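Take a look at the structure set out below.
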Amino acid sequence: GFSLVRMVRGDPQHGTIHQKTFVGSLAVGMTFLSSPVAGILTDKFGAKSTALLGAILASTGMLLSAYSLNKVEALYVTYGIMFGGGSSLAYNPSLVVLGHHFDKRLGLINGIVTAGSSIFTVTLPFMLQYILDRAGLVATLQILSAVLAFLILSSIFYDIPYLEQKVESRVKIFNKDIWKSKLYIIWIIGVPLALVGYFVPYVHLVAFSEEVALKADGKWLVLCIGLTSGLGRLIFGQIADMPNINRLLIQQFSILLIGSLTMLLTICRSFVCFIILCLCLGLADGCFVALQGVIPFDICGREGASQALGFALGIMAVPISVGPPIAGALRESLGSYKIPFILAGIPPIIGSLFIFLGYGVISRKQARETAAITGNNRRTLSFTSQK
């Protein structure tokens, strides 16, 4: 979502830093904000049709953005809404379809699939810069549009057997059962809260490294995050499939680390320090992303997973979008990235601790209820045997 921001960051004719950051934030925000719609459409019309519509919107939006570069307001629509919203309709079914074909190795499969995006995180800054230097910004966006068009082909192969059979007979739009789960409610409150500062390092890390006057290219820091993020998705995806492993708690540990590491970046004054923290930040990010598509299945089951994931991502839209623009505005106001990065690390810590606490309360309550039921059964058996 922020590739356009990086490409036009230094060009004043395409708007201020704040405006360009908002374009990227809007694209990411729409990716999440449209997720409830994607979940409902997946249940109603099937994964194949939903993903196909999303691929067409995303590719078209990127193409139109190539001809709207001198009008920031137009980019809000073409890049922010069309590309972002289309990406959502393509993204949600791609995760949901996995849970209907894999069960025992769902964590690993999600890790493998999501690792693909980290490959592009590693290579995209260099690829875009290479193409940009030789072909220009318009041609670069046209090429990205062509790449997105491949999603149209891949969506044809999406298949959720039991959903596709029920598409025509379904009359209910909303799945009310997912909202009866207290654990799901806690999860969709805590994670969005944690994500307020999540994208700040991704968007502002290169500029922050330049502010610290590092001699090396700051793009290598983004590469480090993407590299270990992909590795983390594979590692923690496999760990999540192990017996007696609580996927929800593992994810919260990763969020806690993301917040802590984001704050620690402010004390770095050498490139080596930045590299080490970015490598660790990538591992934590990989764990979080790998389990994001798995936890809805754990909490709400197969039939509720599509909308559970969709509404969770939708609620994340606002917090995940406001972080980078706020950090950018604070940077312009304060003249330093130190305070913005410290503030960006606080929400992940609070959000993860909230879920830890909520999970503990629910677990203790369930344990007491189970103990009470077991005790009643024992007394009943004892009374029966005495008779």
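Using N, Cα and C of the backbone, Cβ positions are placed for all residues, glycine too.
Here is what TrEMBL says about this protein:
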DOMAIN    183-387  domain 'Major facilitator superfamily (MFS) profile'
TRANSMEM  22-42  transmembrane segment
TRANSMEM  49-69  transmembrane segment
TRANSMEM  75-96  transmembrane segment
TRANSMEM  108-131  transmembrane segment
TRANSMEM  137-160  transmembrane segment
TRANSMEM  181-200  transmembrane segment
TRANSMEM  220-236  transmembrane segment
TRANSMEM  248-268  transmembrane segment
TRANSMEM  309-327  transmembrane segment
TRANSMEM  339-362  transmembrane segment
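Here the listed stretches are 22-42, 75-96, 220-236, 248-268, and the one with the most C-beta pairs under 8 angstroms to the transmembrane segment (181-200) is 248-268. Among the stretches 75-96, 137-160, 220-236, 248-268, 309-327, the one making the largest number of Cβ pairs under 8 Å with the transmembrane segment (49-69) is 75-96.
Contact between the transmembrane segment (22-42) and the transmembrane segment (309-327) is supported: at least 3 Cβ pairs lie under 8 Å, counting only residues 6 or more apart in sequence. Same-chain residues lying 6 or more positions outside the transmembrane segment (137-160) and placing a CB less than 8 Å from one of its CB atoms are 3-4, 7-8, 42, 46-48, 51-52, 54-56, 58-60, 62-63, 65-67, 69, 90, 93-94, 96-97, 100, 128, 131. Panel annotation: around the transmembrane segment (220-236), residues 107-108, 110-112, 114-115, 118-122, 125-126, 201-202, 205-206, 209, 250, 254, 274-275, 278-287, 289-291 of the same chain, lying at least six beyond its termini, place a Cβ under 8 Å from a Cβ of the stretch. Outside the transmembrane segment (339-362), and at least 6 residues removed from its termini, the chain residues within Cβ reach (under 8 Å) are 182-183, 186-187, 189-198, 200-201, 204, 208, 248-249, 252-253, 255-256, 258-266, 319, 323, 326-328, 330-331. Long-range contacts of the transmembrane segment (309-327) within its own chain (CB-CB distance under 8 A, at least 6 residues past either end) are made by residues 2, 18, 21-22, 24-26, 28-40, 42, 88, 92, 95-96, 178, 187-188, 191-193, 195-200, 202-204, 292-293, 296, 337, 340-341, 343-344, 347.
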